[in-house]
Structure formats: structure tokens, C-alpha cells
Amino acid sequence: MESGRRSLAKMLVCRLWMTISKALFAEFLATGLYVFFGMGSALRWPLALPSVLQIAITFNLATAVIVQITWKASGAHVNPAVTLAFLVGSQISLPRAVAYVAAQLAGATAGAALLYGVTPGDIRENFGVNMVRSSASTGQAVAVELILTLQLVLCVFASTDSRQTTGSPAATIGASVAVGHLIGFYFTGCSMNPARSFGSAVIVGKFEVHWIFWVGPLTGAVLASLIYNFILFPDTKTLAQRLAILMGSAEMEKTEGEELQKKETQSNSEDTEMESVCQVA
């Protein structure tokens with residue numbers, strides 16, 4: 001009996017790890033692709049300087065593509081601000097959130113490094129590092145990033161909430177990213193995503209005002225989560241349930257329940273087959 005419990009526990013841990021590792025790879029891959037294509041559209045080629053509309057459309061399409069690819073694997077956060085918002089809304093555990101952010105930062109750095117490697121030296125310039133425009137103050141930059149991320153996270157929640165919609169959220173989230181770039185590019189180059197800013201800053205070693213692109217988006221994400229999950233569409237989770245989700249025990253319980261259900265289904269299937277054999281006999 002004891003050995004059976006141990007084997008079940010090992011099976012559950014193994015299955016949970018496989019699920020999480022797949023999700024982490026999805027976040028790494030998606031963030032890398034987002035940074036590569038998004039920042040690539042902003043490179044200043046002498047013969048074809050990019051327009052704000054071109055950059056916004058590219059970020060729109062890149063977002064839609066990666067959300068479509070990784071949504072069912074990891075939820076397609078691709079953004080530490082989105083992950084924090086889901087954590088505040090009790091939709092992801094703290095250990096998973098920390099792992100997601102690490103994967104996103106690593107993916108953004110890898111995507112920026114790849115783009116840097118294939119870009120000619122005379123085209124790199126500041127290489128897409130988010131900067132505050134000379135006519136804007138740091139306070140204005142933080143406020144703009146906060147508002148841009150607020151609308152993005154609200155859109156992510158609304159388009160992924162099973163109570164509100166079904167199907168893929170790729171198009172709507174992509175549109176939200178495009179809207180942010182159409183206005184935010186003139187203020188800060190439009191981040192809305194600390195990982196996107198982090199990747200380019202690491203590659204070129206420029207962190208002068210980097211804190212803005214963490215404080216603004218993360219604050220906006222927290223506010224959006226509070227507005228959506230506690231005012232617009234509050235759920236019925238109890239404090240105990242929220243704590244279980246936060247610590248990750250709810251994930252183990254869910255995996256255990258799925259495993260037991262799977263075993264029961266297999267057992268019922270075997271019983272049905274046996275009854276069929278007996279009837280034939």
C-alpha cells in the first residue's frame with residue numbers, strides 16, 4: 001500500500017514537472033520570437049526607415065502568432081507584467097510565476113542576441129533600447145507605460161476568461177499591443193513588457209532609465225488585475241483557495257485528480273471489455 005502511494009506521488013511529480021517544463025520552454029520560445037520580430041521591425045535601415053505604423057503592425061502580428069502557438073502550452077504570457085497580473089488574480093502559483101519570468105527574461109535576451117548577431121553593425125545604433133524622449137519627464141514616461149500596460153492586461157484577461165469568451169485570444173491581444181505602440185512609441189518607444197526592454201538593454205549594456213520599464217508596466221499590471229478580478233468580474237475563490245493556488249498545492253491536487261480520473265476511466269474500460277468478453281463467451 002505504501003509503495004503504491006509512493007509510486008503515485010512520483011508519477012504526479014514527474015507529470016507536473018513535464019507540464020511545467022513544457023510551459024517554460026513555450027514562454028522562452030515565445031518571448032524570444034516576440035523580441036526578434038518586434039525589435040527587428042524598428043531597425044533603422046537607411047533605404048527604408050520604419051514608420052510607427054509598420055512597427056505597430058509587426059508587433060501586432062508577432063503577438064498574434066506567438067499567442068496562437070503557445071496559448072495552450074503556457075497561457076502565452078510572454079511578459080512579466082502579465083504573469084504578475086495572473087499571480088495577483090490567483091490564477092497562477094508563485095513558484096510557476098517566478099519560473100515564467102525567468103524563462104521570459106532568458107528568451108528575450110536570446111532573441112535580442114540573435115537579432116544583434118544577424119544585424120549589420122551600422123544598423124544597430126541603440127538597438128531598440130527603450131528610452132524616454134527628451135521632451136518627456138520620467139514621471140510622464142512611467143505614467144504612459146502604466147496606462148499602456150493597464151489596457152494590455154485588461155485585454156489579456158478579457159480575451160482569455162472562459163466566462164467571457166471562447167476560442168483563441170490571439171487577434172485581440174495582438175490588437176491591444178498595436179494600440180499601445182501607436183501612442184507609446186512617441187513617449188518611450190513603447191515597452192509594456194519588462195522582458196522586451198531587458199533583452200535589448202542586456203545586449204548593448206544600457207540601463208540608464210531601465211527601471212521605468214519595470215515600475216510602469218508592473219504597476220499597471222497590478223491595477224488591471226485588481227480592476228478585472230475584483231471589480232469588473234470578481235470570482236468566488238475563497239481565501240483558502242487563493243492561498244492554495246499561490247503556494248502551488250492546487251496544481252498538485254489538480255494533477256492528482258486528473259491522474260485518478262484517468263485510472264478510473266481505464267479501470268471502467270477494462271471492466272467493460274471483460275463484460276463484453278463474458279457475454280460473447
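Cβ coordinates come from backbone N, Cα and C, glycine included.
Fair warning: this is a prediction, and the values are worked out from it, not measured in the lab.
What TrEMBL annotates here:
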COMPBIAS  253-265  compositional bias 'Basic and acidic residues'
REGION    253-281  region 'Disordered'
TRANSMEM  12-37  transmembrane segment
TRANSMEM  43-67  transmembrane segment
TRANSMEM  97-118  transmembrane segment
TRANSMEM  138-158  transmembrane segment
TRANSMEM  170-189  transmembrane segment
TRANSMEM  209-233  transmembrane segment
The transmembrane segment (170-189) vs the transmembrane segment (97-118): three or more C-beta pairs under 8 Å (separation of 6 or more)?
no
Tertiary contacts of the transmembrane segment (97-118) (same chain, 6+ residues out, Cβ under 8 Å):
20, 23-25, 27-36, 39-40, 74, 77-80, 83-84, 86-87, 124, 127-128, 195-196, 198-200, 202-204
